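Following: one structure in structure tokens, then a few remarks.
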């Protein structure tokens, strides 16, 4: 179902909202502004439960938490808002101190075109011009959301560029499987990660070390444990909690994530073609508006952002995990979120 708001976005036109529903009654909603995943209501014990943090539609252009947004041209941080590519120093717009986060004034702040819409899917597309936020090359990207009959949402990202460039797309949804409307403490959830290595960062979120093995650290989620169990230990102290990338093991073959509600009545499995996963426990969510006009607290939701590693354009040793897109080559990644 396609509808539009009675009020306008910053570009002077109404927001376009698309709602999909499957035979189980699961209902998801998306928006053309930021190609945003607005809502996900999952059947649990004969009721529909909202599992995504969200705010009122007219708050999306101004809030600072990227709720449900499609993020690009480069998700995560690029140190000092610059990198070298093919012998040329590329200078980017900075939007987090001296660094660039999530592509600067990025794809989350644009109106995407509704390219195609069907009973169980919607495809958004966007053109990013050469020099957009400092990035080289014209880029055409698309994001396709599909709601399946087994209560999964699959997100597919595709892109083409006419110059070598940095390209790393993700979705910035925050999950809370217990109470996404008010935002109960997500650290009460249980988390399992199919990941052996994580990437330490400094207090500005910039990598400051090679990849580390998770063994004997608070980043070892290979056996499911409550998120709160080892919270704020070790390398987490620099970032007020988890805000780190993990290298995931063959994530397309088996889930890289299993997130379970505190009571165990709902779980989320994540599979992806991406090499890495940023786990962010909402350490700075305080003050973000809710759908009912109240404010979320810190740790109200967890973002599970499938992507390549942060600051990859400045680290050739990580570029085998993605991050640099060659001119004329096809960019394609997918992630599937399954509720059960």
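Here the Cβ of each residue, glycine as well, is placed from N, Cα and C on the backbone.
What Swiss-Prot records for this protein:
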type     : residues : note
ACT_SITE : 172      : active site, proton donor
ACT_SITE : 305      : active site, proton acceptor
BINDING  : 77, 243  : substrate binding site
How long is the line from the C-alpha of residue 172 (active site, proton donor) to the C-alpha of residue 77 (substrate binding site), rounded to the nearest angstrom?
14
Which whole-number value in Å describes the distance between the Cα atoms of residue 243 (substrate binding site) and residue 305 (active site, proton acceptor)?
10
Cβ-Cβ under 8 Å from residue 77 (substrate binding site), same chain, 6 or more residues apart: which ones?
96, 99, 100, 101, 204, 205, 206, 310, 311
Taking only same-chain residues 6+ apart in sequence, whose CB is under 8 Å from that of residue 305 (active site, proton acceptor), what do you get?
71, 75, 76, 170, 171, 172, 277, 278, 279, 280
Near residue 243 (substrate binding site), how many other Cβ atoms are within 10 Å of its Cβ?
20
